[in-house]
Amino acid sequence: MKSVQFCFLFCCWRAICCRSCELTNITITVEKEECSFCISINTTWCAGYCYTRDLVYKDPARPNIQKACTFKELVYETVKVPGCAHHADSLYTYPVATECHCGKCDRDSTDCTVRGLGPSYCSFSDIRE
């Protein structure tokens, strides 16, 4: 019986601790209007689960803030998009997360929606690696 309890507690601990908010590698699609195609770039972003709850009774004095896995620290890197016209600005700057935490989603810098375009969206038909 104790081994069953231990296994249950171990599985719960693993589900909570090992799926926390952490840095992960992703591929994003970058596009420049002047270049008429997209390229894929590997970068680092935050992903994982954060403890959150939704109150049954809404209290106007206590705002309900859902925590999301988001960046705590960012740096920016710049890549040159190959094949652009000579008159076009071929440099593209993108964010790279260096530290993550569970916190309020900043709508000024992050797509906080459930149904965003996603990192692989390209408005052009030509995607280059």
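Backbone N, Cα and C define each Cβ position, glycine as well.
Per Swiss-Prot, signal peptide is recorded for 1-19, and the stated evidence type is experimental evidence.
Among the features that Swiss-Prot reports, disulfide bond is placed at Cys21-Cys69 (among others), with the record citing similarity to another entry. The number of other CB atoms found within 10 A of the CB of Cys69 (disulfide bond), across every protein chain shown, is 20. In the three-state DSSP scheme, Cys69 (disulfide bond) is classed as strand.
Annotation source Swiss-Prot lists N-linked glycosylation site at Asn25 (among others), citing similarity to another entry. Just so you know, the Cβ of Asn25 (N-linked glycosylation site) picks up 9 other Cβ atoms within 10 Å once every protein chain is counted.
Applying an 8 A CB threshold to same-chain residues 6+ apart, the list for Cys35 (disulfide bond) reads Val81, Gly83, Cys84, Ala85, Ala88, Ser90. According to Swiss-Prot, the feature disulfide bond maps to Cys35-Cys84 (among others).
Summarising the annotation, Swiss-Prot assigns disulfide bond to Cys38-Cys122 (among others) and lists similarity to another entry as the type of evidence. Counting every protein chain shown, the Cβ of Cys122 (disulfide bond) has 15 other Cβ atoms within 10 Å.
The N-linked glycosylation site feature in Swiss-Prot is assigned to Asn42 (among others); the stated evidence is similarity to another entry. Within the same chain, residues at least six positions away from Asn42 (N-linked glycosylation site) with a Cβ under 8 Å of its Cβ are Asn25, Ile26, Thr27.
Mapped onto three states, the DSSP output places Cys100 (disulfide bond) in strand. Around the Cβ of Cys100 (disulfide bond), a 10 Å sphere holds 22 further Cβ atoms from the protein chains shown. The feature disulfide bond is assigned by Swiss-Prot to Cys46-Cys100 (among others), with similarity to another entry given as support.
According to Swiss-Prot, the disulfide bond annotation covers Cys50-Cys102 (among others), on the basis of similarity to another entry. All chains included, 16 other C-beta atoms sit within 10 angstroms of the C-beta of Cys50 (disulfide bond).
Residues within less than 8 Å, Cβ to Cβ, of Cys105 (disulfide bond) and separated from it by at least 6 positions along the same chain comprise Gln66, Ala68, Thr70, Cys112. Marked as disulfide bond by Swiss-Prot on the basis of similarity to another entry: Cys105-Cys112 (among others).
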For the disulfide-bonded residues Cys46, Cys102, the one whose C-beta sees the most other C-beta atoms within 10 angstroms: Cys46
Neighbours of Cys21 (disulfide bond) among the disulfide-bonded residues Cys38, Cys100, Cys102 (Cα to Cα, within 10 Å): Cys100, Cys102
Those disulfide-bonded residues, out of Cys38, Cys69, Cys122, that come within 10 angstroms of Cys46 (disulfide bond) at the Cα: Cys69
Least buried by Cβ count (within 10 Å) of the disulfide-bonded residues Cys21, Cys38, Cys84, Cys112: Cys112
